Amino acid sequence: MNRKRNRTNGFEKWGGYMEAKKTKLEKQFTEKAAGDSNHVKSQIFKGISIFVNGYTLPSANELNRIMMENGGVYHNYHRPNITTHIIASNLPTAKLKLLKQFKIVKPEWISDSIKEGKLLNYEDYLLFIDQPNQPKIDFPVRAKNASEPTFLSEFYNNSRLHLISTMATTFKHLVNDTRKRNQTDYPGRQRLKKWIEQNGVKDMLSHDSELDSGKTVMHIDMDCFFVSAGLVERPELRGLPVAVTHAKGNLSKKREGVDLGAEFGLYVKRWRGDDNENGEEDEEVQEIKPRSTKRDGINETDSMAEIACCSYEARKVGIKNGMLVGKALKMCPTLKLIPYNFEQYKRVAHTLYSHIMNDYTLDVEAVSCDELYLDCSNILETTKASPFELATFLRKEIKEKTQCPCSTGIGSNCLLARLATKKAKPDGQFYLEPGNIMDFMRNIDISDVPGVGRTLGHKLSTFGISTCGELSALSLQTLQSEFGNKTGLSLYKHCRGEDDRKLNYDYKPKSVSAEVNYGIRFKNKEESENFVRQLCDEVEKRLDDIEMNGKTVTLKLMIRNVEAPKESAKFLGHGFCDNITKSNSLTKSTSNSIIIFQVVNKIMNQLNIDPSELRGIGIQMNKLESRNVTGAGRIEHFISNMKSDTKRNNIPPNENTDNDKIISTKVSEPRSLQSSSTDGCNKPKSVIDFFKPKEELNSRKHIKTSNSKSNIPHESLVNIRMSQVDPSFLDALPTDLRREIENELKANKNQNSLFDENENSSTMEVTMTEESSKLYQHVQIDQMKEFIEEWVVTENEPKTCDNIMVSKYLCNLVRDTKTEDAYEIIRKLYRLIKNKDHLAWKQSYFDVLKDVQETMLNLYNAKMKVETTFT
């Protein structure tokens, strides 16, 4: 059916949305490069557009900077007709074959060209060679384990779990971005209405006229997604038992050091709970019969690779997702094993999401690359279609567009819709009518209820519960006393088909992590530290992608159990391990990989674990915060005071200062501080004090002494505009003084309104660059050193805006060839921060130093020799 549309909406063909996003990112890159024109070093890469695929050295962020500074363009996504070169250190075989028509170049081409000062021939840096007289592709040698520098990129390029998690995040962001369009025209709804009229579809519902007027949720799940998508390019395998896995078959011989019996015995021992040191066994636990595991019946030459997905033909003979290949081949010797096809999965998933959101509704919750919820209440209302008709037509279109089948379930909430989908599989649909919920739920297996895993399921089985009907016989009080208030209430509601959860359209990640539990084999501490650094870089990249920082660093370690064999049953797998999790909270949120590594390395040093015993490492950032700069820092307050002084000094002498709408005050100190004011060490200063010469400060002390009886002297030392008054500052003052200042503010409120309006507009016009320029013009080197010391000593933690102002001040010194002055200030800053315990200050130092070194490289092609680590 041809689609006729009068306007475009960003989703034409596949990736219409993505194409618009790519163009926007490229435009942002170009605008930023133009804005930083004084940072441009050369035009070496003029006409070159690169896309970085996977982990590289230099990193993707570094390559982005290099291209910006040297006339090139950096693409966040591959654009086949625009991207001139793909930069990669290594790629999986399938991806290399798919992209071999493009120029795939090693990152050394970029770095070597910079060193030579000219664009080198990219052919000398090709990742593979494919010429007419050389049909064999020269694929790179794969890293053996995590001790090699290219391992991490290979792991993520070939990890299905990584793909699933990153694609889920991608589509959740896609939903967020797409919903901002506020689309009102959905052509799919018109096609649905026309289809119903032409085909006269008879609804199979018994109570169509009594359709529930509440929310109607549809759950869409692609059937055997990895298999179905893989068979699009291999249709000859349709109808046969097929499984997607990394393995090609069983091993030809036993690997040395592997002891399957010992390793599997440890898993069973742990599950039964009889591995306590005293040998005392609980009588109730002894009666439990060991459950069957996926390791049963496996010998030394059987493949330990897991099946990610299998076809329904394979499931008919007992094969399941997650089963080991060795066991599956025993059950079905004719099982066809096919490799992962990640690019195909992405194409099908994008087609699914863009079709639903472009043609039907934006009320979509992304679950994963092959699964989503949608609120179809409005669709049913506007099209007058029944749930059955909508499901039939929607499934038909999805299959036409993706060449993959899907199943749909419809219910009044997410739980019921999901359970209905399970009933509909394979390649079917099921609508759970409101009147049939209790009968439907009665026979639902308890393991199908969300939140019921192996442990909880086993505990329920000890009560003789295996279905929702049996569970519903227990009272809420009984469930909460046995399983806790939260779990008990959840079980009570779910077994009755109740689900209060709303569709989540606004995705906000709660954590960001990078974890590897395969191939972790180190010989020494140096190898483990190098890998941890790479993992920290990956975490930083992922935080940069979502423009957030984290405030809690969590380290997860898998350590070989003392009883486990040295070599795991699965090649380079983690084997039987003990798990350790340690967290450390930061005083200031960060995404800086250097700071993250310092925290992680400190934890690892405290644990003092033999690197050769490590089998898995994960780094997670929690308590995420947006990177928006909020609140003014000390330097910003100083700039505000400078502008106030400028305005005040420009007033003619005969003009009444009251019209200036500035309240001139000097607040007397509390008695506790007055008693110690003689030494001056503990006396809090205003920020402008940091920039005043010592002579003036001394004279100011004299003024204070002579006016000690007056809380608000006539002569002004600190200028406060009404818009600058901080409520928290007033709250901290004595009651009588606070009331006096508040009365003064209220008295001038009407007069201040006009001035504030003009002042706000002028303040908005002053950019950070202009403010830092004013700081540079008015503050001498000695004054800046004094301020730096006061700033570090008195502040608990630095504000981002102050970091920016300090770094710009130092960069201006470098640009004015005052590198010695900059060096002295940086050295002073380092010495002061070295004594601070808060990591936020160390991060502040690294942020300032990064900007200064970039300026040094731009102007002098050399870095300043200053300390780069804190010991």
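Note: Cβ is positioned from N, Cα and C throughout, glycine not excepted.
Note that the structure is predicted; figures quoted are calculated from it, not measured.
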What range among 647-666, 667-686 does TrEMBL record as region 'Disordered'? 667-686
Apart from the site residues D221, D370, E371, the 8 Å Cβ neighbourhood of the Mg(2+) centroid comprises I220, M222, F225, V367, S368, C369, L372, C406
Give me the DSSP three-state residue breakdown of the domain 'BRCT' (40-127), ordered helix, strand, coil. 30 helix, 13 strand, 45 coil
Since the record lists D221, D370 as binding-site residues, which of them has the fewest other Cβ atoms within 10 Å of its Cβ? D221
With an 8 Å cut-off on Cβ-Cβ distance and a minimum sequence separation of at least 6, pull the same-chain contacts of E371 (Mg(2+) binding site), or say none. H219, I220, D221, M222
Mean pLDDT across the domain 'BRCT' (40-127), rounded to an integer, is what? 85
